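> These came from Swiss-Prot, pasted as-is:
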- 18, 20, 45, 66, 91, 112: S-adenosyl-L-methionine binding site (BINDING)
- 267-301: region 'Disordered' (REGION)
- 287-301: compositional bias 'Polar residues' (COMPBIAS)
(Lines of atoms letter the chains of each structure in order from A and count residues from 1; the text may use other names and numbers.)
(Lines give C-alpha, C1' and ligand atoms only; values in the text may rest on other atoms or scores of the structure.)
Protein backbone atom coordinates (compact mmCIF):
# COMPACT_ATOMS: atom_id res chain seq x y z
CA UNK A 1 0.00 0.00 0.00
CA UNK A 2 1.31 3.46 -0.95
CA UNK A 3 0.93 5.62 2.17
CA UNK A 4 2.00 8.70 0.22
CA UNK A 5 -0.90 8.49 -2.23
CA UNK A 6 -4.26 10.00 -1.29
CA UNK A 7 -7.34 10.35 -3.51
CA UNK A 8 -5.21 9.46 -6.52
CA UNK A 9 -2.54 12.10 -5.86
CA UNK A 10 1.04 11.24 -4.97
CA UNK A 11 2.26 13.51 -2.15
CA UNK A 12 5.30 15.51 -3.23
CA UNK A 13 8.00 15.87 -0.61
CA UNK A 14 9.43 19.05 -2.15
CA UNK A 15 6.09 20.78 -1.49
CA UNK A 16 5.82 19.40 2.05
CA UNK A 17 2.49 17.77 1.21
CA UNK A 18 0.64 15.97 3.99
CA UNK A 19 -3.11 15.81 3.39
CA UNK A 20 -5.77 16.04 6.09
CA UNK A 21 -8.25 13.18 5.96
CA UNK A 22 -9.83 13.03 9.45
CA UNK A 23 -13.38 14.36 9.13
CA UNK A 24 -13.71 15.25 12.82
CA UNK A 25 -10.48 17.26 12.76
CA UNK A 26 -11.50 18.99 9.53
CA UNK A 27 -14.85 19.95 11.07
CA UNK A 28 -13.15 21.35 14.18
CA UNK A 29 -10.76 23.44 12.06
CA UNK A 30 -13.57 24.88 9.95
CA UNK A 31 -15.52 25.68 13.12
CA UNK A 32 -12.46 27.55 14.42
CA UNK A 33 -12.20 29.54 11.19
CA UNK A 34 -15.98 30.17 11.22
CA UNK A 35 -16.28 31.30 7.59
CA UNK A 36 -19.36 33.31 6.61
CA UNK A 37 -20.90 34.44 3.31
CA UNK A 38 -19.50 37.68 1.91
CA UNK A 39 -16.10 37.37 3.60
CA UNK A 40 -12.82 37.71 1.72
CA UNK A 41 -11.45 34.23 2.38
CA UNK A 42 -8.07 33.07 1.08
CA UNK A 43 -6.74 29.52 1.45
CA UNK A 44 -3.04 28.79 1.06
CA UNK A 45 -2.26 25.30 -0.19
CA UNK A 46 -5.77 23.87 -0.67
CA UNK A 47 -4.30 20.53 -1.71
CA UNK A 48 -7.07 18.02 -2.32
CA UNK A 49 -9.74 20.28 -0.86
CA UNK A 50 -10.18 18.89 2.67
CA UNK A 51 -10.79 22.39 4.06
CA UNK A 52 -11.78 23.97 0.75
CA UNK A 53 -15.06 22.11 0.35
CA UNK A 54 -16.55 22.72 3.84
CA UNK A 55 -15.44 26.37 3.77
CA UNK A 56 -17.18 26.91 0.43
CA UNK A 57 -20.30 25.21 1.81
CA UNK A 58 -20.43 27.89 4.51
CA UNK A 59 -19.05 30.94 2.70
CA UNK A 60 -20.14 30.38 -0.89
CA UNK A 61 -16.87 31.46 -2.53
CA UNK A 62 -13.15 31.23 -1.92
CA UNK A 63 -9.80 32.27 -3.38
CA UNK A 64 -6.94 29.77 -3.18
CA UNK A 65 -3.18 29.97 -3.73
CA UNK A 66 -1.71 26.68 -4.95
CA UNK A 67 1.81 26.10 -6.30
CA UNK A 68 1.38 22.46 -7.36
CA UNK A 69 0.06 22.62 -10.93
CA UNK A 70 -1.44 19.13 -10.69
CA UNK A 71 -3.53 20.13 -7.68
CA UNK A 72 -4.46 23.46 -9.26
CA UNK A 73 -5.63 21.55 -12.34
CA UNK A 74 -7.78 19.23 -10.19
CA UNK A 75 -9.45 22.21 -8.54
CA UNK A 76 -10.10 23.96 -11.86
CA UNK A 77 -11.92 20.88 -13.08
CA UNK A 78 -13.62 19.91 -9.82
CA UNK A 79 -17.28 19.13 -10.62
CA UNK A 80 -18.65 20.94 -7.57
CA UNK A 81 -16.02 23.40 -6.35
CA UNK A 82 -14.64 24.97 -9.53
CA UNK A 83 -17.45 27.49 -10.05
CA UNK A 84 -16.96 28.96 -6.56
CA UNK A 85 -13.15 29.10 -6.66
CA UNK A 86 -10.70 31.76 -7.80
CA UNK A 87 -7.41 29.92 -8.24
CA UNK A 88 -3.98 31.58 -8.16
CA UNK A 89 -1.41 29.06 -9.35
CA UNK A 90 1.67 30.62 -7.80
CA UNK A 91 4.12 30.53 -4.91
CA UNK A 92 2.55 31.96 -1.74
CA UNK A 93 6.00 33.20 -0.69
CA UNK A 94 6.00 35.54 -3.68
CA UNK A 95 2.30 36.36 -3.87
CA UNK A 96 1.09 39.91 -3.20
CA UNK A 97 -1.87 39.24 -0.92
CA UNK A 98 -2.69 42.95 -0.72
CA UNK A 99 -4.06 42.70 -4.27
CA UNK A 100 -7.01 40.71 -2.93
CA UNK A 101 -7.93 43.05 -0.08
CA UNK A 102 -10.28 46.03 -0.01
CA UNK A 103 -11.16 48.45 2.78
CA UNK A 104 -14.58 46.86 3.00
CA UNK A 105 -13.24 43.31 2.85
CA UNK A 106 -10.03 42.63 4.78
CA UNK A 107 -8.48 39.23 4.24
CA UNK A 108 -9.24 36.11 6.23
CA UNK A 109 -6.35 33.79 5.40
CA UNK A 110 -6.13 30.14 6.38
CA UNK A 111 -4.41 26.94 5.36
CA UNK A 112 -2.54 23.77 6.13
CA UNK A 113 0.84 25.36 5.44
CA UNK A 114 3.81 23.41 4.06
CA UNK A 115 5.87 23.00 7.22
CA UNK A 116 9.17 23.20 5.35
CA UNK A 117 8.50 26.88 4.52
CA UNK A 118 6.29 27.85 7.46
CA UNK A 119 8.57 30.43 9.09
CA UNK A 120 9.39 32.51 5.99
CA UNK A 121 5.77 32.25 4.87
CA UNK A 122 4.53 33.61 8.20
CA UNK A 123 7.00 36.50 7.94
CA UNK A 124 5.84 37.19 4.38
CA UNK A 125 2.19 37.21 5.42
CA UNK A 126 2.88 39.57 8.31
CA UNK A 127 3.95 42.22 5.80
CA UNK A 128 0.28 42.37 4.76
CA UNK A 129 -1.10 42.57 8.31
CA UNK A 130 -2.81 45.92 7.70
CA UNK A 131 -4.98 44.20 5.09
CA UNK A 132 -5.79 41.16 7.23
CA UNK A 133 -8.64 40.51 9.65
CA UNK A 134 -7.31 37.19 10.92
CA UNK A 135 -5.30 34.11 9.96
CA UNK A 136 -5.71 30.45 10.90
CA UNK A 137 -2.89 28.05 10.11
CA UNK A 138 -1.99 24.44 10.61
CA UNK A 139 1.66 24.39 11.63
CA UNK A 140 4.13 22.15 13.34
CA UNK A 141 3.20 22.14 17.03
CA UNK A 142 6.68 23.35 17.97
CA UNK A 143 6.28 26.41 15.74
CA UNK A 144 2.96 27.35 17.37
CA UNK A 145 4.59 26.98 20.78
CA UNK A 146 7.37 29.34 19.71
CA UNK A 147 4.91 31.87 18.31
CA UNK A 148 3.02 31.97 21.62
CA UNK A 149 6.03 31.73 23.97
CA UNK A 150 6.95 34.41 26.47
CA UNK A 151 10.32 35.31 28.01
CA UNK A 152 12.26 32.91 30.24
CA UNK A 153 11.53 29.76 28.24
CA UNK A 154 13.41 27.80 25.61
CA UNK A 155 10.70 28.26 22.97
CA UNK A 156 10.96 32.06 23.14
CA UNK A 157 12.81 33.64 20.25
CA UNK A 158 12.67 35.83 17.18
CA UNK A 159 9.46 34.21 15.91
CA UNK A 160 7.77 34.89 19.28
CA UNK A 161 8.79 38.54 19.31
CA UNK A 162 8.10 39.40 15.69
CA UNK A 163 4.72 37.64 15.70
CA UNK A 164 3.52 39.03 19.03
CA UNK A 165 4.65 42.54 18.11
CA UNK A 166 2.28 42.45 15.15
CA UNK A 167 -0.50 40.07 16.22
CA UNK A 168 -2.41 38.47 19.03
CA UNK A 169 -1.47 34.79 19.06
CA UNK A 170 -4.02 32.14 20.07
CA UNK A 171 -3.15 28.42 19.97
CA UNK A 172 -6.44 26.74 19.06
CA UNK A 173 -5.99 22.97 18.99
CA UNK A 174 -3.40 20.20 18.66
CA UNK A 175 -3.54 17.50 16.01
CA UNK A 176 -1.73 14.17 15.89
CA UNK A 177 0.08 12.70 12.86
CA UNK A 178 -2.68 10.15 12.25
CA UNK A 179 -4.97 12.89 10.90
CA UNK A 180 -2.75 13.20 7.80
CA UNK A 181 -1.74 11.09 4.86
CA UNK A 182 1.15 10.53 4.64
CA UNK A 183 1.52 10.86 8.41
CA UNK A 184 4.22 13.35 9.45
CA UNK A 185 6.78 12.57 12.12
CA UNK A 186 5.74 15.57 14.22
CA UNK A 187 2.62 16.79 15.99
CA UNK A 188 0.68 19.68 14.51
CA UNK A 189 -1.40 22.54 15.87
CA UNK A 190 -3.78 25.25 14.72
CA UNK A 191 -2.96 28.86 15.57
CA UNK A 192 -5.14 31.95 15.22
CA UNK A 193 -3.37 35.26 14.48
CA UNK A 194 -5.26 38.54 14.81
CA UNK A 195 -3.26 41.61 13.74
CA UNK A 196 -3.22 44.40 16.31
CA UNK A 197 -5.57 47.22 15.39
CA UNK A 198 -3.10 49.55 17.09
CA UNK A 199 0.48 48.85 18.18
CA UNK A 200 1.31 50.64 21.39
CA UNK A 201 4.71 52.37 21.23
CA UNK A 202 5.62 51.07 17.77
CA UNK A 203 9.27 50.65 16.92
CA UNK A 204 10.88 53.19 14.62
CA UNK A 205 11.89 50.50 12.13
CA UNK A 206 10.53 46.95 12.18
CA UNK A 207 13.57 45.77 10.20
CA UNK A 208 15.75 46.94 13.09
CA UNK A 209 13.66 44.86 15.50
CA UNK A 210 14.10 41.84 13.25
CA UNK A 211 17.86 42.43 13.00
CA UNK A 212 18.25 42.78 16.77
CA UNK A 213 16.32 39.54 17.34
CA UNK A 214 18.38 37.67 14.77
CA UNK A 215 21.61 38.86 16.35
CA UNK A 216 20.42 37.94 19.83
CA UNK A 217 19.00 34.48 19.15
CA UNK A 218 21.80 33.40 16.84
CA UNK A 219 23.88 33.52 20.04
CA UNK A 220 21.21 32.81 22.63
CA UNK A 221 23.65 31.47 25.26
CA UNK A 222 25.64 34.70 25.29
CA UNK A 223 24.75 37.59 27.57
CA UNK A 224 23.26 40.74 26.10
CA UNK A 225 26.51 42.53 26.98
CA UNK A 226 28.55 40.19 24.81
CA UNK A 227 26.03 39.86 22.00
CA UNK A 228 25.78 43.61 21.38
CA UNK A 229 29.17 44.76 22.66
CA UNK A 230 30.07 46.31 19.28
CA UNK A 231 26.79 48.20 19.08
CA UNK A 232 25.91 49.35 22.59
CA UNK A 233 27.88 49.83 25.81
CA UNK A 234 26.95 48.43 29.20
CA UNK A 235 26.30 51.98 30.40
CA UNK A 236 23.90 52.57 27.51
CA UNK A 237 22.12 49.32 28.30
CA UNK A 238 21.72 50.53 31.86
CA UNK A 239 20.19 53.78 30.58
CA UNK A 240 17.61 51.65 28.78
CA UNK A 241 16.97 49.72 32.02
CA UNK A 242 18.24 46.51 30.40
CA UNK A 243 20.35 44.15 32.51
CA UNK A 244 23.52 43.45 30.51
CA UNK A 245 23.94 40.10 32.28
CA UNK A 246 20.69 38.66 30.95
CA UNK A 247 20.53 36.23 28.05
CA UNK A 248 18.34 36.85 24.98
CA UNK A 249 15.51 34.60 26.18
CA UNK A 250 15.14 36.74 29.33
CA UNK A 251 14.38 40.04 27.61
CA UNK A 252 10.79 41.13 27.07
CA UNK A 253 9.28 42.37 23.84
CA UNK A 254 9.42 45.93 25.19
CA UNK A 255 13.14 45.56 25.90
CA UNK A 256 13.79 44.36 22.36
CA UNK A 257 11.85 47.36 21.10
CA UNK A 258 14.16 49.62 23.12
CA UNK A 259 17.23 47.94 21.63
CA UNK A 260 15.84 48.27 18.11
CA UNK A 261 15.11 51.98 18.55
CA UNK A 262 18.58 52.52 20.01
CA UNK A 263 20.15 50.94 16.91
CA UNK A 264 18.03 53.19 14.68
CA UNK A 265 19.06 56.30 16.63
CA UNK A 266 22.69 55.18 16.88
CA UNK A 267 23.52 53.40 13.61
CA UNK A 268 26.65 51.25 13.85
CA UNK A 269 28.73 53.43 11.53
CA UNK A 270 31.86 52.71 13.52
CA UNK A 271 31.31 48.97 13.55
CA UNK A 272 33.91 46.90 11.71
CA UNK A 273 33.08 46.13 8.09
CA UNK A 274 32.70 42.43 8.88
CA UNK A 275 30.13 43.17 11.60
CA UNK A 276 28.14 45.51 9.36
CA UNK A 277 28.06 42.90 6.62
CA UNK A 278 26.85 40.29 9.10
CA UNK A 279 24.02 42.56 10.25
CA UNK A 280 23.01 43.35 6.67
CA UNK A 281 22.97 39.66 5.84
CA UNK A 282 20.91 38.88 8.95
CA UNK A 283 18.36 41.47 7.89
CA UNK A 284 17.65 39.65 4.67
CA UNK A 285 18.24 36.01 5.57
CA UNK A 286 15.67 33.67 7.08
CA UNK A 287 16.93 30.85 9.29
CA UNK A 288 16.39 27.22 8.42
CA UNK A 289 12.76 26.25 8.81
CA UNK A 290 10.90 23.28 10.11
CA UNK A 291 10.61 20.17 8.00
CA UNK A 292 7.40 18.24 8.35
CA UNK A 293 9.06 15.03 7.27
CA UNK A 294 11.92 15.10 9.75
CA UNK A 295 12.35 15.56 13.45
CA UNK A 296 12.82 19.26 14.11
CA UNK A 297 16.15 20.73 15.14
CA UNK A 298 16.79 23.79 17.32
CA UNK A 299 16.38 27.05 15.41
CA UNK A 300 17.26 30.66 16.01
CA UNK A 301 13.61 31.74 15.82
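Backbone N, Cα and C define each Cβ position, glycine as well.
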> Judged by the number of other CB atoms within 10 angstroms, which among 66, 91 is the least packed of the binding-site residues?
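With the binding-site residues 66, 91, fewest surrounding Cβ atoms within 10 Å: 91.
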> What is the total of other Cβ atoms whose distance to the Cβ of residue 20 (S-adenosyl-L-methionine binding site) is within 10 Å?
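Excluding its own Cβ, the number within 10 Å is 21.
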> Within its own chain, what residues at least 6 apart in sequence put their Cβ under 8 Å from the Cβ of residue 45 (S-adenosyl-L-methionine binding site), listed in sequence order?
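For residue 45 (S-adenosyl-L-methionine binding site), the qualifying residues are 65, 66, 67, 92, 111, 112, 113, 114.
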